[in-house]
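Participant: Structure incoming, see below.
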Amino acid sequence: MNTVRVAFLLVFVLAVSLGQADKDENRMEMQEKTEQGKSYLDFAENLLLQKLEELEAKLLEEDSEESRNSRQKRCIGEGVPCDENDPRCCSGLVCLKPTLHGIWYKSYYCYKK
């Protein structure tokens, strides 16, 4: 029984003494890895920043090209009176003189083509 205790104690002492020596090496390895990780993170951050700046430039360029005059003006729906000289009927509609109802109004209305 004493031999088992002595053997166990010997293994325990060796493990502790060698483990502390490795502890310093592990600490140095961890410092190197964190420094490498920081440089990698800085590189990835710069790359992401460049991509975001390019995307922002494209979006601002598209906004500057679009003006208020390029928007579609409001249109007149089906069955609504329109002006013969300036028809503002929606797409797919035509400004025509009414055939049956509305003859007495003497006005033009938007109808489907």
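A Cβ is built for glycine as well, from the same backbone N, Cα and C atoms used for every other residue.
Since this is a predicted model, take the numbers as computed values, not measurements.
So Swiss-Prot has the following annotated:
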- CYS75-CYS90: disulfide bond (DISULFID)
- CYS82-CYS95: disulfide bond (DISULFID)
- CYS89-CYS110: disulfide bond (DISULFID)
- 61-83: region 'Disordered' (REGION)
- 1-21: signal peptide (SIGNAL)
Participant: Sorry to bug you, but what's the C-alpha spacing from CYS110 (disulfide bond) to CYS95 (disulfide bond), rounded to the closest Å?
Facilitator: 4
Participant: Cα of CYS75 (disulfide bond) to Cα of CYS82 (disulfide bond): how many Å, rounded?
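Facilitator: Distance between the two Cα atoms comes out at 10 Å.
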Participant: Please give me the CB contact count at 10 A for CYS90 (disulfide bond), counting all chains in the structure.
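Facilitator: Result for CYS90 (disulfide bond): 13 neighbouring Cβ atoms inside 10 Å.
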Participant: Mind checking which of CYS75, CYS89, CYS95, CYS110 has the fewest other CB atoms within 10 A of its CB? They're the disulfide-bonded residues.
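Facilitator: The disulfide-bonded residues CYS75, CYS89, CYS95, CYS110 were compared, and CYS75 has the fewest Cβ atoms within 10 Å.
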Participant: Just how many other Cβ atoms lie inside 10 Å of the Cβ on CYS82 (disulfide bond)?
Facilitator: 21
Participant: What's the CA-CA gap between CYS82 (disulfide bond) and CYS90 (disulfide bond) in angstrom, rounded?
Facilitator: 11
Participant: Whole-number Å distance between the CA of CYS90 (disulfide bond) and the CA of CYS110 (disulfide bond)?
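Facilitator: Here the two Cα atoms are 8 Å apart.
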